[in-house]
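Here's the structure we're looking at; comments come further down.
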Amino acid sequence: MGSNAAGKPPAASSWEFRATGPRNLSSPGWRDLIRSSWRDPNYRRIAMSCFVQVAYLLELDRQESRAGEDALAPSWWKPFRYKLVRPLIDSRDGSIYGALLEWDQVAALSDLIVVKPQGAPKAVLALRGTLLKQQTVVRDLEDDLRLFAWDSLRGSVRFTGALEVLKSAIDKHGSSNVCVAGHSLGAGFALQVGKTLAKDGTFVECHLFNPPSVSLGMGLRKIQEKADKVLKRYISSSSSSSASGGPGEEPQVASEIGEEKLIKEVKTWVPNLYINSCDYICCFYADRSGVATVTAEKHSGVQHSKLYLIAKGPNKFLEAHGLQQWWSDDSELHLAVNDSKLMYRRLKSLYVQQ
């Protein structure tokens, strides 16, 4: 659902880090031992978006036979003192759809950084979105359609691969030291693997850039939920009229207990969403005014996600869906006060038996 350029990728030279990367990025140094840049949410967002760009460029480097000094991808992880541990390869077409990066202590020592700065993750799994290139478009669009039709990516080999790599990183470093990030379709995979781990009680930091918010499956599920509620009310009222008191009230009490349990579970995992309201692929996480839609249920005070909205940024679709805006110095973001009702529904679907 949209590549970094939401279409045909630009010339290779335009993706050189020094040409299109963040302009005012502070270089790591010994001062990070005292006051870590990783504690700054803006720095963290920039770093995560650059790591996702690595996933795009690894595939473009592969397709265009760039290696060694000619490869573009390494220049996007080296400034942060990370290293590539493993590319994620789609067994269907051989394309690279993600990258596992780890903190590079050897490179950090050259900047007199003797230990990892506080807040810097030990490992990051980065997942790209759709690349409309001949070698990748078929499988990328196949997963796009899978997500649109079923509101799920579980059937994809990329989901299985990403989940295995993320679990391996967690076993090695611990869940508190691992992050997952993705853009567009990659954000869909990042959300899916994050939810899967959360269901088992493992919580990893998650960054979702322009995550898809439109799916036929979600719409059909919403209709089904409304129909189920109407049916339950009818059954409950019928039971109440035939027998006054207790038995007719039990389903409602059980439902409330289950809802309270759900609230406690969901709020333990809070993904970070980065939304441009001019991007019609992700804009439904917020309303048309650019404000997060409030969950209109009794638990509306519970935060289910951190929703960052572009206050000043690109307003044409191709740029609004692009990844570059999230490391751009020209973009202005604000954290939405209200929670995203759509994200609540997506998390709710994890904990409620379908």
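Any Cβ shown, glycine's included, is placed from N, Cα and C.
The annotation region 'Disordered' is assigned in TrEMBL to 1-20. Annotation source TrEMBL lists domain 'Fungal lipase-type' at 161-213.
The predicted model assigns the domain 'Fungal lipase-type' (161-213) a mean pLDDT of 96. Taken residue by residue, the domain 'Fungal lipase-type' (161-213) breaks down under DSSP into 31 helix, 11 strand, 11 coil.
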